[in-house]
Amino acid sequence: MQLNKIRMPLFILATILFGIKTYVVYRFMFDLSIENSMQEFILFVNPLASAYLIFAISVWLNPKRQMKYLRWTSLIGSLILFVNLIFYRNFTDFITIPVLFQGNNAADLTGSFLTLLHIEDLFIFLDVAIIWYLSKQKFDMSIQLPTQGKIAATAVTFLLLAGNVVLAEIERPMLFVRTFDREYLVKNIGIYNYHLYDASMQTKTKAQRVLADGSEISEIESYLDKNSPDGQAKDSDLYGVAKDKNVIFVSVESFQNFLLDSEINGTETTPFLNDLKESKDTIWFKNFYHQTAQGKTSDSEFIVENSLYPLGRGAVYFTNAQNEYNALPEILSEEGYETSVFHANNKSFWNRDVMYENVGYDEFYGEQSYEVTPENSFGWGLEDKAFFEQSIKYLQSQKQPFYSKFITLTHHFPFEMPEDKANIDQYDSGSKTLNHYFQTARYTDESLEQFFQQLKDAGLYEDSIIVLMGDHYGISEYHNKAMGQFLGKEINGYEHIQLQKVPFMVHIPGYENGGVREEVVGQIDVKPTLLHLLGIGNKDDLTFGDNMFAEDRKDFIAMRDGSFVSEQYVFTDGVCYDRSTGEQILEEEAEACNPIKEKADQELQYSDNIIYGDLFRFYDFKQ
Ligand code: GP9
Ligand code: MN
């Protein structure tokens, strides 16, 4: 060993320095929430894996180039981290490729750039300075390996990467398919791999868009003309019944219809909602189905805003947040409404910050608009009672009429809550999830009751309509056994579909003509229905849903997995059931379901094509 040769190769030292630096930045300079020691461990490991991935490539270069490569990659890597940190300080989010090209984001940043700089940011470049210095010294820190050694050094990259991905999947199952949140991705795979992932998603979306052409939209238009007969029928006495009123739309987390009128040990689970649905001022659609898929809450939002189906894979809110839409908030804005969303979670969850801007919401009150303390939070964060209470002041500041969407959070899997805040017993079954579910549902019921009172106290109630909608199921098929025990019947395909019913109530103060409606309807129908109630014409809209109040309506609800419910039938898993009896239809008559099945599949396909091809850019909604 020569004296001028230092033992530790620079690429290893660079990996350690850069890896630890990145961990420290994640941990102390970003504001990432670390919920358990596994997350902490992954947060520590992934920067080392990423650093190794980048620096190990250098073993294939000659000594001089090795040094140059390490200098520049450490600098570029640090710049990427730095720019993300600056962006994060402004938006509490990470950069995505589409966002980079969005003028307003960049402009926002240049305006406030200096105020976003902190002196400790110099730390991000400390390892760069060290690497830069060492790489320029006379002693040689390069490494020269035989080909096998080079291959071995590279192979370690894949081992580390695979290990990281496996840990991430254990910590957050389906992380890569569902992409809930950029923060989760960054926490689990690191900012560099996250950018690679983002780039591959972006390439895929762009390719699909480029390959699409405008001719298909007229085919879809004529299909919809024929098959969603309502179009813009005004022939219901509810047309315009809520004209010029505020709309307070509450998306009620994980709330399924079976909770209504249920009891645990003789106590009603949802006394407030039980009364509300029977109120003279409420129209309750008891056969209303959610139609969401992997995008969960965001899918329900997407369906309601656009009357399009969600995608079968991934969340549209992530995959196609840049598309042209003709969304409800945009339409309402044009009609003079102020539009806003209230949701006390981080703004980037489900890419909401990006999507909301695209579909035209004026304001988004996220977690940072609320005072969250250990006393007023549990589960996913700020508890709903505090959420509603703290929202009132913002709601009062809206220009009327307004359209405001509230998304609750407390009644979310795993439905656990402090016993001293629970006002109903747990259920007793083999499923902890179902046992807890009633307690958080009761909590939601109480928070809604308080919210109604707060709206009255704030003087907002009389001039508003309040729409309550369940976003999706809370109890998955995994709990069928316990669910069967609760309902006193076995959960087969037919019952499973029944369980996809979620509340949909339109509460119109002073209306007095409310009642229970039996029609088979779903989230896809919400947009045309709301516009109908508000007396807003949308005859050139392209929607897969129909106005729920129209006489002549499309008579089935398609689920994303190809199941459907029509007035007569329920179809799921290849089995056709009689909707009124729940009896399986005998094989020789099972084709009864086929015509609707074909239509359902056709609609899902058309909707996918609209989204993947961004086909609305070829359509003029204001003909
Ligand atoms: C997160 C909340 C819950 O912000 O909307 O999302 P979910 O897991 O129900 O889709
Ligand atoms: Mn949800």
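Residue 1 is the first one shown; counting continues down the chain.
Positions of Cβ are set from backbone N, Cα and C atoms, glycine also.
If you look up TrEMBL, you'll see 9-29 (among others) marked as transmembrane segment.
Within the same chain, residues 11-12, 14-16, 18-23, 26-27, 32, 34, 69-70, 73-74, 77, 143, 145, 149-150, 153-154, 156-157, 160-161, 163-164, 167-168, 171, 187-193 sit at least 6 positions outside the transmembrane segment (41-62) and bring their C-beta atoms closer than 8 Å to a C-beta of that stretch. Annotated transmembrane segment per TrEMBL: 41-62 (among others), in sequence order.
Sequence annotations record features per position, and here TrEMBL assigns transmembrane segment to 69-91 (among others). Long-range contacts of the transmembrane segment (69-91) within the same chain: residues 10-11, 14, 18, 21-22, 25, 29-31, 51, 54-55, 57-58, 61, 105, 108-109, 112-113, 116-117, 121, 124-125, 127-128, 131-132, 135, 191-192, 195, 347-348, 353, each at least 6 residues beyond the stretch ends and with a Cβ under 8 Å from a Cβ of the stretch.
Annotation comment: TrEMBL describes 111-135 (among others) as transmembrane segment. With a cut-off of 8 Å between Cβ atoms, the residues of this chain six or more beyond the transmembrane segment (111-135) that come close are 10, 13-14, 17-18, 21, 24-25, 29, 67-68, 70-71, 74-75, 78, 81-82, 85-86, 89-90, 141.
Annotated transmembrane segment per TrEMBL: 147-167 (among others), in sequence order.
The domain 'Sulfatase N-terminal' annotation in TrEMBL covers 245-536.
According to DSSP, THR297 (active site) is assigned to a helical segment. Just so you know, the Cβ of THR297 (active site) picks up 25 other Cβ atoms within 10 Å once every protein chain is counted. Taken from TrEMBL, the feature active site covers THR297.
Taking a C-beta cut-off of under 8 Å and a sequence gap of six or more, HIS412 (substrate binding site) has these contacts in its own chain: GLU253, SER254, GLY379, TRP380, THR440, GLY474. What TrEMBL records for HIS412 is substrate binding site.
For the transmembrane segment (147-167), same-chain residues at least 6 beyond its ends with a Cβ under 8 Å from one of its own Cβ atoms are 38, 41-42, 45-46, 48-49, 52-53, 56-57, 59-60, 176, 188-190, 193. According to its DSSP assignment, HIS412 (substrate binding site) is coil.
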